Amino acid sequence: MKNTIINLAQDLIRRPSISPDDQGCQQVIAERLTKLGFNIEWMSFNDTINLWAKHGTTSPVVAFAGHTDVVPTGDENQWNYPPFSAQIVDDMLYGRGAADMKGSLAAMIVAAEEYVKANPNHAGTIALLITSDEEAAAKDGTVKVVESLMARGENIDYCLVGEPSSAKQLGDVVKNGRRGSITGDLYIQGIQGHVAYPHLAENPVHKATKFLTELTTYEWDNGNEFFPPTSLQIANIHAGTGSNNVIPGELYVQFNLRYCTEVTDEFIKNKVAEMLQKHDLTYRIDWNLSGKPFLTKPGKLLNAVVESLESVAGIKPKLDTGGGTSDGRFIALMGAEVVELGPLNATIHKVNECVSCRDLATLGEVYRQMLVNLLGK
């Protein structure tokens, strides 16, 4: 299994699939799956290519989810090896996307292949949902596929997302949920004027200071047994023309909240509006909800994944809901149990991104064993 996974991972890495350009990665995957009798369906939206592949027609539906797109490489001269050469040095596979997430994608594909070869008449359905739009806008990828599947009554019961979840060793962390993410673009109005004549102007920065203090110090909740407390961070702030003698006419503040299941996006919006009105500010605010929080409590999927890690890798994982958002947030809307398990995340989005070849082989075995645990032999 190891050589098959590594060879496929190298093939995928050598395709410079900067989001949302798939560069033929999904075609390679589709051709492999077709040979095993998978039904292949292409769901393309705008510049994004999405693949929905299935083997079987009954319940439960066990899906693997992942993405073929990668982030830009940055200055390629800073890499020890060309970022799309997929070189292996001391058992480490180097390249953009090696850890995030072409390595785990290869492990998923080979695990599914091996399982189907051994169990051609398996129970349930094995599915793969693969997109080329995860790293950038994430507007035409998994979310659109999920919407299409739900519209025609298709469901997913269990889904493993191959995002790089591991911290210090393979399998030490399994993500069983994610916080929600909501961004506010706030415009506070003032009256522009000359700094020497402040009585003829109204400085929105000065007016907003007490509000900003309250916004950044407010305790939204205390978290719970599954999630850390909700946090807010100001990401961008701007006012003025660049001149030192002009009072700005508008203050722009962009802030983001990563929120847990103790609050809702509506509560957040209402509380911010309440603060703004309390401080008598004239404003406009635009909200962007990237995703609601989701949680998979201990059940069939988590048990299957944990048992696979213990039997194959000899490790009992920590369950965690921290970090950023993932496409799991869209799949959870289907009512599916969703967990994330993938390689180490220490080098993702960095120069010299890499993954252990040994880890990829182990990951493939873990994924295959998960299928055995859920669908039987």
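Just so you know, glycine gets a Cβ as well, placed from its N, Cα and C.
As annotated by Swiss-Prot, Zn(2+) 1 binding site applies to His67, Asp100, Glu163. Look at Swiss-Prot and you will find Asp69 tagged as active site, backed by sequence analysis. Summarising the annotation, Swiss-Prot assigns Zn(2+) 2 binding site to Asp100, Glu135, His349. Marked as active site, proton acceptor by Swiss-Prot: Glu134.
Here is what falls inside 10 Å of the CA of Glu134 (active site, proton acceptor) among the recorded positions His67, Asp69, His349: His67, Asp69. Around the Cβ of the residue listed as 'active site', the same chain contributes Ser17, Ile18, Ser19, Pro20, Asp21, Asp22, Thr131, Ser132, Asp133, Glu134, Glu135, Ala136, each under 8 angstroms and 6 or more positions distant in sequence. DSSP classifies the residue listed as 'active site, proton acceptor' as coil under the three-state reduction. Restricting the binding-site residues His67, Asp100, Glu163 to those with a CA within 10 Å of the CA of His349 (Zn(2+) 2 binding site) leaves Asp100, listed by sequence position. Secondary structure from DSSP puts Asp100 (Zn(2+) 1 binding site) in a helix. Taking Cβ-Cβ distances under 8 Å and a sequence gap of 6 or more within the same chain, the neighbours of Asp100 (Zn(2+) 1 binding site) are Val70, Val71, Glu163, Pro164, Asn345, Ile348, His349, Glu353.
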